[in-house]
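Comments concern the structure below.
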Amino acid sequence: MAETTASRVTGPLPAPPARSSGALPTGRARRRYRTVVAVLGVLAAGFGFGLLAWDNPMPVGSDGFWRIAQMRGTNLVVMAVVAICQAVATVGFQTVTGNRVITPSIMGFEALYVAVQTTAVYFLGVAGVVAVQGLPQFALQLVLMVGFAMLLYGWLLSGRYANLQVMLLIGIVIGGGLASVSTFMQRLLTPSEFDVLAARLFGNVSNADASYLPLAVPLCLGAAVLLWAGSRRLDVVALGRDASTGLGLDHRRETMRVLFLVSVLMAVSTALVGPMTFLGFLVATLAYQFTGAHAHRYVFPVAVLTCFVVLSGAYFVMRNVFYANGVVSIIIELVGGLVFLFVILRKGRL
Amino acid sequence: MTTETPVPQARRGGRLLDGKLLVGTAVVGALVVLSLFTGVYDVFGADDGGEMFAITRVPRTVALVLAGAAMAMSGLVMQLLTQNRFVEPTTTGTTEWAGLGLLTVMVLVPGASIGARMLGAVLAAFVGTMVFFLFLRRVTLRSSLVVPIIGIMLGAVVSAVSTFVALQTDMLQNLGVWFAGSFTSVLRGQYELLWIVALAAVAVFVAADRFTVAGLGEEVATNVGLDYGRVVLLGTGLIAVATGVVTVVVGNLPFLGLIVPNVVSMFRGDDLRGNLPWVCLLGVGTVTVCDLIGRVVIMPFEVPVSLILGVVGAAVFVLLLLRQRRHG
Amino acid sequence: MITLSGVRKEYSGEVAIGPVDLRIPRGGVTALVGPNGAGKSTLLTMTGRLLGLDAGVIEIAGHDVARTPSKDLAKVVSVLRQENHFVTRLTVRQLVAFGRFPHSRGRLTAADEEVVSRAIDFLDLGGLENRYLDQLSGGQRQRAYVAMVLSQETEYVLLDEPLNNLDMRHSAQMMRHLRRVAEELERTVVVVLHDINFAGHYADRICAVKDGAVVEFGTPEEIMTGEVLTRVFETPVTVVDGPRGPLAVYY
């Protein structure tokens, strides 16, 4: 391969030759990208520090300050994990499906999560919520979700009639069937059991247990790094099946690989904090606008940063301005949902 | 599944009433009668049996017939208007909009009459269906399968709003109860408004051909002298009325409008006029059977019909998708 | 050389294509012509391994397209379909640069950029290279796609109806470009064409396909006769001597 010979278009954006095919061909585009990353970085750092330090009763720097900050730090790590998972998974998923108005969370991950939680409470009562907490249970949920996704992909994406959209719809419909079973069980719960369950059915960073992180962090980082490393292949996948096959890419294998990584990321995020249907959609849509480039190696970091800023910003504002911690994810869902409505009504083509 | 499914026959059967349809009607009729006499309460032995029969069994069975027919027809109208086989109130967000309308009325006017709740649900269903149609007209789609995917996501947006409102007003568990379609609580004095959907069903019979033409697009419709806008408004109105009323009285009947018209056209081809009575019949039959199953599996308790429809419907939907996949 | 032997493709039980045996020699422009639904595009897409075969073997320059790893094949043959939709918003140059993917795996070297520039200039797209594809006319966009397969620098170039949706001027311009590709760049161009007169004027060889089988293969002089064309297209065709060679008249 000739790739080692001359100027690589990686790393800290080298000055390209006069005629460049880079994702950011002009100086203006590069400056814009750098500005976006810088602003998002500053915002992320600001909200992150704010969440750690704001309203901390201890003086900054004291032992007590650090102890409280450490507790809040766990939440911050969870947010970072969720941000990476949702952002990277959504961008990758939208590329392999060739559709920018869908989100991977509709693929039955959430329905499965809700079913597991509901079943536990249904059979074990209030104790059920506790019963599904713990590292082994967390791992089991991950295996269930990824296993479900792989069954679906293996069944519907191989063979002669492989069709991605049929696969998507079947995933959604199976999720719908699962959801009606959950709804039925929820009806039979006592109000107090239901209240306990309801808290778990909304995405919330405080659902996460610090003991999950040793498993969640490596999985999330591993899958995200693998996807990021395949950025250039994803750029080609985005051209569609025929064009990418013509360019020598094994389109089906690449699709399966991406979908597998996406399912790992979505499973980690969902099992960690609960359903977040439109967060990924929201940040991916914003990231395409912010980046102004097609190349995935530029889109991924912006999407992750945006996701973290949205999450931490929402928590910071809700906690310190409105004193309403529990509804953060619902607010994000609402905003994401409205953006979704706006995008589909404005868009001319799917 | 019901037994009245017809054997394949030559398309363009011609006459509306033929032998098979009579057999089908008889089978569904038998199911309806069976539904009348199924239940824990002994309507023959007990002293007040006759009265109980009139208070619970008759309303319940009438509701089954009306809701089944109405939802199946709504699905058909939506499929005609959009020329897409996978569209129905559950896959376009219409049901969720109706639920949001219902919830809004409940929150704003606690103790609102059933009529007021229906109005809210119907209005919201109308708005929601229009939003979806508007979106369909604005975009060019590469695959008919994207439409239900977007529709289901749209429904998720709306139900996120409902959930938020319900959470803020402490009605979350009630919300689940309303949405889960069940005929358990259909009693005399509470279901009569359901007769409205009978009118909607008749209107569908009258206007069916126009929906087909409108589904071919504004240009085609105008070319044959049809007021496109009016037909779409009429269709949306009928769908909204049927969905809204059924949602308030019974609840969500998932996938009914999708599987019934598709199964009928699988066996009979796409002869619209000839299929209409079959869609009606199969809709009634399916709901009745699901309700019967729900009533007997864990007697004396009941499983809501929406659970059975949700599971059975999802399975049939998946089969339809796999079939479509094979035929390209 | 492209060799098809015993190639078959079935659609839902009925044989749709084949068995086809065909040898397309190196160099020049070969046009696939025939009535609608005859299987021209299917043959081309199977040759470009975008579609699997049910039986038979297709070899390009000795590489069996079913067995050779796709990424090695991408350095031997490039293929362009008529429909190209995708959601990413690309400039002309970014699109053309994708043609270098088989060589650079996405990490463009200065040499790659040079090839991309040449492909763009070859199709007169120099002034448009930083424009986005959705800002171009149909003819310009079609040229950009052709530039992409050119920058792939493959010996064999397969194009599926590149004149689709182009007006007279752009069609003639595209065919002149393709001739130059064959002559100046010494590539082997195989192209599906709808208009027999374009094939008769610009191609070196014409391959007539009908009902899933190759019915004629020869030089334009051999194919451009009333008798042959009438048989292939199943409609009365007269060939007259035009100012620039034989002209098929079918109306």
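Backbone N, Cα and C atoms are what each Cβ position is placed from, and that goes for glycine too.
Annotated region 'Disordered' per TrEMBL: A:1-26, in sequence order.
Annotated transmembrane segment per TrEMBL: A:36-54 (among others), in sequence order.
The feature transmembrane segment is assigned by TrEMBL to A:74-96 (among others).
The annotation transmembrane segment is assigned in TrEMBL to A:108-132 (among others). The list of residues near the transmembrane segment (A:108-132) in space but at least 6 beyond its ends in sequence, with Cβ under 8 angstroms from a Cβ of it, reads 141, 144-145, 148-149, 152, 171-172, 174-176, 178-179, 181-182, 185-186, 188-189, 192-193, 196-197, 200-201, 263, 266-267, 270-271, 274-275, 277.
Annotation comment: TrEMBL describes A:138-156 (among others) as transmembrane segment.
Per TrEMBL, transmembrane segment is recorded for A:168-190 (among others).
Annotation comment: TrEMBL describes A:210-229 (among others) as transmembrane segment. With a cut-off of 8 Å between Cβ atoms, the residues of this chain six or more beyond the transmembrane segment (A:210-229) that come close are 74, 77-78, 81, 84-85, 88, 92, 134-135, 138-139, 142, 258, 261-262, 264-265, 268-269, 271-272, 296-297, 300, 304.
Residues or ranges marked as transmembrane segment in TrEMBL: A:258-286 (among others). Remote same-chain residues near the transmembrane segment (A:258-286) are listed as 78, 81-96, 100-107, 109-110, 113-114, 138, 141-142, 145-146, 149-150, 153, 157, 200-205, 207-208, 212, 216, 219-220, 223-224, 226-227, 230, 234, 237, 303, 306-307, 310-311, 329, 332-333, 335-337, 339-340, 343 (criterion: CB distance under 8 Å, separation of at least six residues from the stretch ends).
Feature annotation from TrEMBL assigns transmembrane segment to A:298-317 (among others).
Feature annotation from TrEMBL assigns transmembrane segment to A:322-345 (among others).
Through the fold, the transmembrane segment (A:168-190) approaches residues 97, 102, 106-112, 114-115, 118-119, 121-122, 149, 152, 156, 197 of its own chain, all at least 6 residues removed from its boundaries and within a Cβ separation under 8 Å. Panel annotation: around the transmembrane segment (A:138-156), residues 107-109, 112-113, 116, 132, 162-163, 166-167, 170-171, 174, 209, 212, 215-216, 219, 256, 259-260, 263-264, 266-268, 270-272 of the same chain, lying at least six beyond its termini, place a Cβ under 8 Å from a Cβ of the stretch.
With a threshold of 8 Å between CB atoms, the same-chain residues lying at least 6 positions outside the transmembrane segment (A:74-96) that come near it are 48, 51-52, 102-104, 164, 205-206, 208, 210, 213, 216-217, 220-221, 223-224, 227-228, 234, 237-238, 254-255, 258-259, 261-262, 265-266, 268-269, 272-273, 276, 279-281, 283-284, 287, 296, 299-300, 303-304, 306-308, 311-312, 315.
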